Every structure is written in C-alpha cells, then in structure tokens.
Amino acid sequence: MAITIALAGNPNSGKSTLFNSLTGSNQYVGNWPGVTVEQKTGKYKKDKEVHFTDLPGIYSLSPYTLEEVVSRDYLVNERPDVIIDVVDATNIERNLFLATQLLELGIPVVIALNMMDVVRKNNDFIDIKKLEKDLGCKIVEISALKNENIDKLIETAKSVAGQKKMTYQEFEEDVEKYIKEIEEFSVIKDNPAKRWLAVKLFEQDEKIMKEFPLYGKETRRLEEIIEEAEEKYDDDGEGIITDGRYNFVSNVTKDTVKKGRKGMTTSDKIDRIVTNRFLSIPIFVGVITLVYIIAINFVGGPVTDWVNDVFFTEIIGENFRGFLENAGTSEFLTSLLVDGIIAGVGAVLGFLPVIAVLFLFIAILEDIGYMSRIAFILDRVFRKFGLSGKSFIPILMGTGCSVPAIMGTRTIESDNDRRMTIMTASFMPCGAKLDVIAMFAAFLGGSWWYAPIWYFGGIMAVVVSGIILKKTKYFSGDPAPFVMELPEYHMPSARNIFKATWFRCKAFIVKAGTVILLATVAVFLLKSISLDGHFVDFNADPEDSILAGFGKIIAPIFAPLGFGDWMASVATILGLVAKEIVVGTYGVLAGIGEVGAEDSSMVALVASKFSVASAFAFVFFNQLTVPCFAATGAIKEEMGSNKWFGLAIGYQLLFSYTVAFMIYQFGRVIEGGSFNLMTGLAVVVLFIYGYLLFRKDRSKLENKNFSNKENDEVVKYESN
C-alpha cells in the first residue's frame, strides 16, 4: 500500500540531506501551486510505494513567509499519512518548537533526531524514552550524513501510518479550557486538525479566520474568550500560545537533555575568529583568493595546456585526423570533425580541470559550514548600504551556475529585493565564465591577483548595482530582515563533496557535448562558407566568410570597448547562448588541431587581438552582461512579467557595456594611449555613476517628510 510521508523541519536541520539519502535520483523538483517556492517530491529507493514530499525549511506554522504558508497549506489540506519532523539534536530546544505545532495537526508524527553522532561526540545525553513519553510520539536517533538508522526511521514511520489517537502538548489550565471550547465550534469540530485550528483561532490567525469563518454566537464567544485571556495574561493570543510552547519545550528538554560539555563549542571558538568584526572580511578575501589561485594559476596553467595541446590536439585530434584520411574521408568532413568539433569542444573541455578544482573547493567550503558564514559576514557589511544578506545566499550560489542562483531568490520575501537579486545574481563568475577567465589568464601571464579579481569584481558589481537600484522607486524600501542559523562546523564528507563536484562537472560536460558541440559545428560551417555561398579553403583566412561578414556588421558596437574585431564580436554574441561558446569559438577559429604541444594557437590568437585593457573589458563585459539562454529563461520565469524581464535584461546590457567602456578607455590611457573624446565620455559616465551611488535616497526623504507632516498634524490637533 502506498503511503505519503512529509519531511518537515527547521532550516539546516539536515532535512535535505535525509531526503537525498532516501530518494537518491528518484526525485522530482517543481514549484508549489501558485507560488515560486521549490517543491521536491520523490520515492523511497528501497520501496517505490513510499512517497516523500520535502517541505521547505521552516521555524513554525505561522504564515510569515511563503515557505511557512505552503508547508502548512500542504499539511492541513493534503494531509500526508505521516510527518517526519527532522530535528537537529545539537539544537533540540529550538527545533522542538515546530514539533509542538506538528503534533496538533492530527497526523502521526515521527521525530528523526538527527546529528546524534555529533551529540555523542560532545558527550551529551538525550533520554529518548522520556522524551517520547513527554511528546507523545515515536523518536528515532539518526545521522542523515552517515546514513545511520535511516531504514529504522522509515519502518517506524510506516508502522504509525493510519494511527488515529494523537497526543499533543497541553497549555496552562485556563488556556487549555479556552482552546477546548473553541474546538467544539461548528466550523472546525469535525476537522481532523481541529486542535491546531482552535489554537490558530485563539491566536486570531488572519488566514485561518478567513478560511474558517465564524458566525453569530460563535463569533461573539471567540471575542469574549480572547478578551478574557488578554486581560488575564496581559498579552495577545499569539503571545500567550508562543510563551506556552516555549515553556513546555524548556521543561521537556530540562528533564531529558544533559550537556556533557560546558562553555564554548569548537564551532563557537572558530566563529570568534572567522566571524570577528575586524578579521572576517580579510579571512574571507584570503580564502576566496587562495581557491581561485589554486584553481586557475596552479591547475589552469600546466594541466589545461596539457589537455588542450597534448590530449585534444596530438592524442585525439591528430590520430583521428590520420584515421579519417586513411579511411578516405573527404577533406571537408575531416576538417569539420577535427578542426571544428574536436577543436571547439576540446577548447571548452580543456578547462574542465580548472572548473573541477573550483567546484571541489566550493563543495568543501559548503560542507564544512563556511559558505553560510560568508552570507552572515556580507550581511553585516552590506546592510550599511541598504542591502540584505538574504540576497547574498543566492548570489553566492552563482559561483556554480546562475540558474539555481536565480531560482534561489524565491526565499526572499520582499518583492523589491527579490527582483533586484534576480537582476544581479548572474554577475558572479559561474563555471562557464571561468572558461573565459582561464583562457585570458594564460594570455595575461597568470599573475596571482588575476584569478580572484573576477570574483570580487562580481561582488562589487552586485553592491554597486544594489545601491543604485535601491535609490529608485522600483526597488526602494528597507532591506529584508535576515535571520539564519549557522550550522556547526564539521569534517567534510568525501562522499558529499565528490557527489556535489561530480554533479556540477557532469552538467558542464553534458553542455559541452550538446549545446557547445552544435555551436562549434555552426561556427565552423559559417567560417567555411563565403558570402557568395562557396566553400573557402580550410586553411585560408576566413575574412570573406559569412561568420566574418556578420562579425564586421556588429563589430562597431563593441569598438568603444576595445574589442571591435569581428572574432571577438562574434564570440560575444554567441556567448549569449552559453558562455563556454566564447572559448569554443576561438578554438575553432584558431584551429587548435593544427598546433603542437609547445604552443597554444588559441592563446596566441587572443594575444594578437587584445591589449591588457581590452582583455579586461572583454572579460568583464561577458561576465556582467546578459547570461546564457538557460539563465535568461530563469530570469523570465522568476520575474513573472515581460515588463520586469525587459527591465532586467536592459539593465544588464547597459551596466555591462558602461563598465567595460570605462575599463577600456581608462586602461588605454594607463597603457600610454592619448586622452581623446571617448576618454572624456568615460569620465562623464564615471561621474554619472558617482552621482547615482552617492545621491540621497528619495524614498527615505519622502518617508521622513511624510512622518514630519504627520507629527505636525498631531501637534496642531493636540493644541486645538
């Protein structure tokens, strides 16, 4: 018999780790109906009759966030057979606050006491039997990270499915009397969740009051009950219930939880340094700099050169060319396969070692718990500029791929902050853009500062954009409140790290074998056909090709940015499909299959077309401009309207163009070029940015004036 199990729990309780462990690849990701909060469902990999729904991480069933709304709507309306409440055993008191609410829903609850391996390591003790008795539900000790007791948890959940008798927390005598009376109101008395609904009516929960309206005597009686309770307890209904829950949880944990260690934990000691007001930013800069130096400078140089020049050129390219020639394959097909597909796709995959190392380090930082600290650190700094740290969680995800970063904005409650984050999340250097960065690293000599400059440049672009946009009427308002739970530091799991790294690398390889392959074929064909429709010689300069003709038409657009060459223009436009195509295009045009291991013709081609100033302008433009098709589609979906989508794309184009314009024009002067009309225009653009950054926020001035006007009216009224 099929059963449905809902996984509930606080953020960072290990719920997603448990869900992934239970379902493996048997899961589906979509949206909750009517909202943009992600919905995950899956089947138990050991029993396809057991279905799981992974609810968003929440702290309560009060309707303060979208996550809480969709979670409670699902539990009340869909009513799964069992709820597994994933509780962080190292933080049990705070986590049990949600459990007291879940137990009132009339659905069997099993508590998965997660991270018990850490509890034992800390010499803490939890009396499971007494805790089960006090809460009135089954409890299973697990470690989702180490797959401990997972099978026992599911068997326990299956055993309680269908149970009718439920136990729940009882409040103080008078409060309990009020709630029992409300339970008998006609609108809820036959509802399986009547206990929870009665509590919510006592709290005067707006959503529940609308869904379960009272009439006549029951309306008046509820008003009398609330008035009596508020007068007796000197608090509103919600405050009375909240205090009752916390007192209950506090008493339960005091009797069942014994701490073995006193004083600061290891995580607390580390955080005293890592999140220190003065040391946190230098440590963050140092960590990210080291990651990028290792990925691009140490790995990017020797390994990428070998992969491009030896593996894809000599081992695969030349051997395959010889095989095709011996087989009597036509010159056109041979050149297409070797100089087109192998050269283009090989140029992209040549940077896979760089990307794999970067993804590996990001996975380690995520697994040990440092990445969540970065959001906390940045919130403390950027809140001074009116920006919320909640926006930086999806932005930090952008270092892997812009698509999940854009989709991650769903957790931001403020529409203004969410839209602003969607517009800027793709400014971070994702794995695809790292291809472009690594290619130019070889050209620019691989200085130690080159690698991380793009990461911090992305953060700076986000901050500058945030300050400018926040001062417009479309995005004005106070930053969204940011509350997050910092997980305990722990040793990284090799399984989780390599799984996360492989997942990201696999996506990169699949794209190289599909989108990039098709793009390189298109580039090769367009560079091999002349404007009059004839095939040009494969070894000839493709200046008369269709590709060159198109590039020359659009090249003037990019000339003020320093890369008005047709090759750079074509690569940039094709990069809107996927940023890896920028490298693939140069790979095809350079004919990587024609060179030896002592030199890379692609790097030589780049060096012949760019100065240092134009190279920086080119990379920054491709980093900050409209992202790939997949990310652009995500922007359109998340914005929810053509107007906002158009505004986002327009801003990205304007911002990237003006930034690249200033970089090139000022860089050209630094390199010894003359000060001309374009340089003067760059100065004007710089002053405009300065004005937009430092002008006063009109929305705050209007609010202040409105407040002063209100106060004046109050004074006048009182004086009269």
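Any Cβ shown, glycine's included, is placed from N, Cα and C.
Bear in mind that the values here come from a model prediction, so they are computed numbers and not experimental data.
What TrEMBL says about this one:
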type     : residues                    : note
BINDING  : 9-16, 34-38, 54-57, 114-117 : GTP binding site
BINDING  : N20, S21, T23, G24          : Mg(2+) binding site
COILED   : 128-188                     : coiled coil
DOMAIN   : 2-163                       : domain 'FeoB-type G'
TRANSMEM : 278-299                     : transmembrane segment
TRANSMEM : 341-365                     : transmembrane segment
TRANSMEM : 449-469                     : transmembrane segment
TRANSMEM : 508-526                     : transmembrane segment
TRANSMEM : 546-563                     : transmembrane segment
TRANSMEM : 570-592                     : transmembrane segment
TRANSMEM : 612-632                     : transmembrane segment
TRANSMEM : 644-667                     : transmembrane segment
TRANSMEM : 673-694                     : transmembrane segment
Touch test for the transmembrane segment (570-592) and the transmembrane segment (278-299), at least 3 Cβ pairs under 8 Å: no
Mean per-residue pLDDT computed across the coiled coil (128-188): 90
Surrounding CB atoms that lie within 10 Å of the CB of P56 (GTP binding site), all protein chains: 23
Positions on the same chain near the transmembrane segment (546-563), where near means CB under 8 A and six or more residues out: 523, 526-527, 529-531, 569-570, 572-573, 609-611, 613-614, 617-618, 621, 657, 660-661, 664-665, 667-668, 678
Among G9, G24, the most crowded of the binding-site residues [Cβ within 10 Å]: G9
Non-local residues, at least 6 beyond the ends, that sit with Cβ under 8 Å of the transmembrane segment (341-365): 287, 291-292, 294-296, 299-300, 303-304, 307-308, 311-313, 316-317, 320, 371, 399-400, 431, 434-435, 438-439, 492, 496-498, 500-501, 504-505, 508-509, 512-513, 516-517, 519-521, 523-524, 580-581, 583-588, 590-593, 602
Candidates N20, S21, T23, G24 (binding-site residues) - the one closest to P56 (GTP binding site) by CA: N20
Length of the line joining the Cα atoms of N12 (GTP binding site) and S21 (Mg(2+) binding site), in Å: 15
C-alpha spacing of N20 (Mg(2+) binding site) relative to G9 (GTP binding site), in angstrom: 15
Cβ pairs under 8 Å between the transmembrane segment (673-694) and the transmembrane segment (449-469), at least three: yes
N12, N20, S21, T23, M115 as binding-site residues, winner by CB count within 10 A: M115
Non-local residues, at least 6 beyond the ends, that sit with Cβ under 8 Å of the transmembrane segment (644-667): 419, 422-423, 426, 461, 465, 469, 474, 560-562, 611-614, 616-618, 620-621, 623-627, 632, 635-636, 678-679, 681-682, 685-686, 689
Three-class DSSP secondary structure - S21 (Mg(2+) binding site): helix
